[in-house]
Amino acid sequence: MTTQLETTETDDPIDTTLRKATPWKHQIKYHYVFFQLYFHVAAIYGVYLALTSAKWQTILFGYAMIWINSFGLYAGAHRLFSHRSYKATRALQIFLMLCHSTAYQRNLFLWVLEHRLHHKYSDTDGDPHNPSRGLFFSHIGWLCCKKHPEVVKGTKNIDMSDMHSNPVIMFQKKHQQWLLPTLSFILPTLIPMVFWVESFTNSWHVNAARYIMSLNTVFLINSVSHKWGYKPYDKKIRPTESKIISMITFGEGFHNYHHIFPNDYRDAEFGNSLLNVTTYFIDFCAFLGLAYDLKTIPKDLVKSRMTRTGNGSEMELLDKTLH
């Protein structure tokens, strides 16, 4: 069952009062810098091992883990928990929480908080990964330094009551110190070693490559999708549309649309696009009765917004779908 929204208003409207990027001295978090440096180097070695000595089962397992990561991040952390664009049974919530945990991108509570900040204070000092500070900062630099004072201040204005009252979210938050590393690194390393006698070196480093690939595909949405692409829905905002980004992020690259209509569960106007794998996953869950109350935006409302603020791209395609 889908529900059409009659307005573009979000539960937490955008705040445009903050400046884009005021002068600010970054306070580097060296422990995180070293953590990322190690895993990026390990990932490069992991790719080499995948091409030279790792067993095909290990490579296939790593690929499967990327899919698991992606469903937890995009269908779970993003579309379900951050934007409440659909509802899920407790069983599906637990499944998506576990999938998210395999990605090692901190706990869901913090992920949702920072994403809601990103939408409320988009492209300003209150945005945790403010693209106005440059491509590197919006990609990974924002995690390598302490938060801007406006980000810290902005957290007080984000309603997180739904997360506080969700036992699945709070379970992960409470047990993150053992749950996340176990599902992200320990088990994915042990499984190839136990079931098809892969070497520790191959198993560990191929998994490191999986982790870094998954991590950077998410980061591309924060950086590249706020830099290059087309803007059919609002030409005055930074977020853009990119089919390449959509292809490698399971449908998360329709970013210009998403920032205008964040509550659409499809995360895109044309949710049945072959690039939008996450939408197909949610639709399948709805077919099984695990997901329901899927929210969409009426096409006439989309066309009205495109006509008013878009750059003219995709209008012809939308007209064909309306007739």
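Just so you know, glycine gets a Cβ as well, placed from its N, Cα and C.
Look at TrEMBL and you will find 30-50 (among others) tagged as transmembrane segment.
Among the features that TrEMBL reports, domain 'Fatty acid desaturase' is placed at 55-263.
Outside the transmembrane segment (56-77), and at least 6 residues removed from its termini, the chain residues within Cβ reach (under 8 Å) are 50, 93, 96-103, 105, 108, 111-112, 115, 188, 191-192, 195-196, 198, 202-203, 206-207, 209-210, 213-214, 217-218, 249-252, 267, 277-278, 281-282, 285. Marked as transmembrane segment by TrEMBL: 56-77 (among others).
Residues annotated as transmembrane segment in TrEMBL: 178-197 (among others).
With a threshold of 8 Å between CB atoms, the same-chain residues lying at least 6 positions outside the transmembrane segment (209-228) that come near it are 39-40, 42-44, 46-47, 50, 62-63, 65-66, 69-70, 73, 103-105, 118, 123, 129, 131, 135-136, 138-140, 142, 184-185, 188, 238-240, 242, 245, 248-249, 252-253, 255. Per TrEMBL, the feature transmembrane segment maps to 209-228 (among others).
Long-range contacts of the transmembrane segment (178-197) within the same chain, counting only residues at least 6 positions beyond its ends with a Cβ under 8 Å from a Cβ of the stretch, are 55, 57-58, 61-62, 65, 98, 101-104, 106-107, 172, 203-204, 206-207, 210-211.
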